[in-house]
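**Q** Pasting a structure below so you can have a look.
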DNA sequence: CTGTATCCAGTACGATACTG
DNA sequence: CAGTATCGTACTGGATACAG
């Protein structure tokens, strides 16, 4: 079944010539929690710190902070601090992160399709 | 600039209800070299071990073997061994891996767009 | 040519306690 | 509420040598 003979897909011009630094991309979204953080912020909108904490099963304060800081440094997450007491911090996905929607959709569809085949 | 007000995108039904285990996906493609290996095998077709080794800058034999074995265990890469001397081993992307094309394209486009904005 | 075996370093990850 | 600090562990990634 399924022997690839010559071409399973047409040109796919994108990858033919360029080096396309996948390692760099992996750096951005490679963390254990980054994908799920981004997914939440992109598709569900702004969240506060403890909201995220509750939504992500198994994450600790420490790791959530670290990954959020890394995402912020990479320009994917915007952190807005309200100088109140008790403190309030809101996290939102940047425009750059929102542009990842298509990728997330493709990723999601792929995963779902894989589950159905079982 | 760019304040997200209510909805930057329509339904995006995918993520609304499901948990969507991004951690599981990260497991599959989270390795340092997995993305680039898959990209090569998916878009450029079958490759032998040392071909991959030469195409991927900086990878060592050990790591290439490990990541290929992991991908094989996850059903993303097919390993075909020819009982010859000298030995020959061919690696190809499975159908499941080929279904990742859309995700790779989205990823690539996103990266390119990000570079241009600079 | 295509690996495997060992050993080693760096870092990613995590539990816990403490702070403004 | 939203962190920081500290410390310990697990795992990933890598250099080198060796093998079928």
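For all residues, glycine too, the Cβ spot is worked out from N, Cα and C.
Below are the features I grabbed from TrEMBL:
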REGION    B:1-20  region 'Disordered'
COMPBIAS  B:1-10  compositional bias 'Polar residues'
DOMAIN    B:20-118  domain 'HTH hxlR-type'
**Q** Count up the helix, strand and coil residues in the domain 'HTH hxlR-type' (B:20-118) according to DSSP, in that order.
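**A** Per DSSP, the residues of the domain 'HTH hxlR-type' (B:20-118) fall into 60 helix, 14 strand, 25 coil.
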**Q** Taking only the residues in the domain 'HTH hxlR-type' (B:20-118), give me the average pLDDT of this model.
**A** 93
